[in-house]
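Q: Once you've had a glance at the structure underneath, I'll fire off some questions.
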């Protein structure tokens, strides 16, 4: 798949704010600061498409990006960020679970996992949740460039044993065009 056009479309703080377009949605989920926005910028080839920050919890809305005028990339707020109040945390959790459970346009959930910490409890819980829902999901091991080759292999093996139902597992660095092309090839299968 080649991305020729990508632009921010809308942010939603509630289900009522979701776009009405009935086009495929590929959802990017993961812990806070795992690199979701960086990955979206890398995939689209547009620096600054999705706002990035070194501060965890910066993405606080469901952000939709229209790609090739044919489908959405959806950037979810990260989970596991504790610096928000309990009420805010519960509101996000309800919004995200309702969105993932009820949104029929979702064709794939891409779960980003920090390759330096591939066995986090919150990531395993998300894998179990997606498996329970029967949602197709793939795993992207981010920040791959920060590992040695043996650490990459170990991280991948951990994910292969944890995510038995994953459609794919990709080791990803935003500096690698090979990883980008591999991931785009997987995503192309979910754009109907």
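Cβ coordinates are placed from backbone N, Cα and C, and glycine is handled just like the others.
The following feature annotations were taken from Swiss-Prot:
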DOMAIN    22-192  domain 'EngB-type G'
BINDING   30-37, 57-61, 75-78, 142-145, 172-174  GTP binding site
BINDING   37, 59  Mg(2+) binding site
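Locate each feature and note its surroundings.
A: For residue 143 (GTP binding site), the number of other Cβ atoms no farther than 10 Å from its own Cβ, over all displayed protein chains, is 20.
Within 10 Å of the C-beta of residue 37 (Mg(2+) binding site) we count 21 further C-beta atoms, all protein chains included.
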Q: Report, as a single number, how many Cβ atoms besides its own are within 10 Å of the Cβ of residue 61 (GTP binding site).
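A: The Cβ of residue 61 (GTP binding site) has 16 Cβ neighbours within 10 Å.
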Q: Which whole number is the mean pLDDT over the domain 'EngB-type G' (22-192)?
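A: Overall, the domain 'EngB-type G' (22-192) comes to a mean pLDDT of 89.
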Q: Least buried of the binding-site residues 30, 77, going by other Cβ atoms within 10 Å?
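A: Among the binding-site residues 30, 77, the lowest count of other Cβ atoms within 10 Å belongs to 77.
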Q: Measuring Cα to Cα, how many angstrom lie between residue 77 (GTP binding site) and residue 37 (Mg(2+) binding site)?
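A: The Cα atom of residue 77 (GTP binding site) is 10 Å away from the Cα atom of residue 37 (Mg(2+) binding site).
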